[in-house]
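Engineer: Below is one structure. I have some questions about it.
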Amino acid sequence: MKPFVLVLFALLALLQYRLWFGENSLTEYFTLKDRISHQQSGNAELLERNEVLKEEIQDLKSGTEALEERARNELGLIEQGETFFRVVGNDSRSIRSSEQSQDNQ
């Protein structure tokens, strides 16, 4: 009976070793599960981006409004009868120099 128990104990130890440290172990399982989760979230982001691009392509193919908007933003399109205003941001040096000139007067 004692040799039988020793064989069962050795078999149990071997199976436990393979479960925790061997090929296809639990650590590999959890690592793969984590990688799959990250990959699925990345895929979801890319699918969303693809949908936005598909909608933009469809809009550019079917309508002139999107094409005109893109030409205005990227190429500076101005139609006849429109007035173009360029808003220049405040430069801190020009503000200080104008304040100093007002102080001198």
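Cβ atoms here come from the backbone N, Cα and C positions, even for glycine.
From Swiss-Prot, here are the annotated features:
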TRANSMEM  4-21  transmembrane segment
TOPO_DOM  22-105  topological domain 'Periplasmic'
COILED    38-75  coiled coil
Engineer: Please count the residues of the topological domain 'Periplasmic' (22-105) that DSSP assigns to helix (H, G, I), strand (E, B) and coil.
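Structural biologist: Helix, strand, coil within the topological domain 'Periplasmic' (22-105): 62 helix, 0 strand, 22 coil.
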Engineer: Grab the pLDDT values for the topological domain 'Periplasmic' (22-105) and give me their mean, rounded.
Structural biologist: 83
